[in-house]
Amino acid sequence: MHNHPRHEGHLHTVNVKYGYVVFLLSIVHIVVVATVPRLRKVGSSSTRRSLPWLPQIVIWAILLAILGVWNIHEWSEHYNVSIKRFGRMAYCLLPFDILLAYKYWPLENYLQNLNLHKWMSRIIVVCSMIHGIGYFVKWFVEGTFFHHLFKIDNLLGVVVFAAAVVLLVVSVALFRRQSYRLFYVSHNITIGMFVVLILFHARPPVTLFVAICGLLLAILFFIKFQTYSATPVSLKEVPNSSLVLVSFPWPDHIATSFKPGSHVRINHSNRSWKSWVFASHPFTSATLPGTSETLDLVVKKGTFIFAKDTQYNLSSPYTSLSFDDNSISRFDQSVIICGGSGISLAIPVFKYLITKLDVTMIWCTRSKADLFVLRHYSLLDKVQVYITGNDSLSVEDESEGHGLMHETIELENLEESSKNSEATKQPEILRGRPDLNNVCASLETTPNSSCVISCGPRSLVKDCENWCRNHKIESVTEIYEM
């Protein structure tokens, strides 16, 4: 790849072993993440839980910080060895980070792995920035900045460095939520540049890791297009509602794979350039085979535009939460609290749990017009509804209920005819936000056999998580956001 080595002597190759150390540690990490939840399940009827992602990130940050400066003598003379090492360690972590982005693999909770992927990516970017900024400072101090900068192999590294900085900025939650597409495109471009350009930049070469990354990305790309095509059989919406009920035919070859809480990813047809450039969108199936003739999605208007007589690509189902007889066997009662389009996960889970234990379902939504969803599934008299907006709510709000659980509207009954609601199959409708101490009060008498399932916007889920933490009650959560 290079006509002659840039550096002579043992210092040129001293960092190679550290790259292999980091790679081997990442393999150990994969094995641990894959096996620990299964070991926890052996001999226990408790819910299988993934390892918390935050301690894993902290451990990696500490390990890399130690390895980055390990065994460097005469620091003032050989500090450049540390600078080079951070760059190599960053690249050798890339296969692990790519693997964490897989949606179909045996490492348990996909959404939990997504958090790990997000923060591992940031660690890789930080290590790369230490490498890049370190060399910028070195060249500037030596007075050789422009001499080194415009050498082709160095310039390729600078290009990757610039892309990584841009990615770090657009990955911040504020920017990512405002324009997920910009983040997604930037992310893919940066990964592609990282994998390819570093092949020509790194000294000594990282050919093995380039090959591994290339293989993993090729598999990921192949999986992305392992979809089936389907056309909506119906689109149901009502005036003033922010929700749309979209129905697809069940895919014959994978219909039995759907479980309560299963998700599918939907994208435009392969004939559209959008399917090649933009990310597919995750949706939760509100129905299950055997109980419904169609695969139904409850979609917030504006998140993904569906049109009848238009073909879409649908992925195989995947789950981030496990609801089966074994995982719920230790629970006697549960409260399901959902917000907005989070009703799509709550409906099949509620229908499954209601035959197993004492379960209450609460739905926080912006408008009474959204109740057509409950009416469609004959759940009007089985759900407590909290209206957090008003009937003239604009449906163009992109934030899926930011601050949903922080409204200060005084609680009041909206249904004057609530006393005969059972006869007319009307839900219990209240204005404002639910008081978790009130709606979950029954769980406090048996905290060890109770759980709260929350799904929807981040604010709602975090409120429920905090309440459960304070009352030592198990929390099962899913946040609805890209």
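Counting begins at 1 with the first residue displayed.
Even glycines carry a Cβ here, placed using N, Cα and C.
The following features are taken from Swiss-Prot:
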TRANSMEM  16-36  transmembrane segment
TRANSMEM  50-70  transmembrane segment
DOMAIN    86-198  domain 'Ferric oxidoreductase'
TRANSMEM  87-106  transmembrane segment
TRANSMEM  123-143  transmembrane segment
TRANSMEM  155-175  transmembrane segment
TRANSMEM  182-202  transmembrane segment
TRANSMEM  205-225  transmembrane segment
DOMAIN    225-348  domain 'FAD-binding FR-type'
Taking the transmembrane segment (16-36) as the reference, which of 123-143, 155-175, 182-202, 205-225 gives the largest number of Cβ pairs under 8 angstroms?
205-225
Taking a Cβ cut-off under 8 Å, which residues six or more beyond the ends of the transmembrane segment (87-106) line up next to it in the same chain?
15-16, 18-20, 22-23, 26-27, 29-30, 34, 64, 67-68, 113-114, 116-117, 120-121, 123-125, 127-128, 131-132, 157, 191, 194-195, 198, 202, 206, 209, 212-213, 216-217, 220, 223, 265, 315-316, 318
With DSSP as the reference, give the number of residues of the domain 'FAD-binding FR-type' (225-348) in helix, strand and coil.
17 helix, 44 strand, 63 coil
Spatial neighbours of the transmembrane segment (123-143) far in sequence, C-beta under 8 Å, 6+ residues away:
57, 60-61, 64, 68, 79-80, 82-84, 86-87, 89-90, 93-94, 97, 149, 154, 157-158, 160-161, 164-165, 167-168
Helix, strand, coil: count each for the residues of the domain 'Ferric oxidoreductase' (86-198), based on DSSP.
96 helix, 0 strand, 17 coil
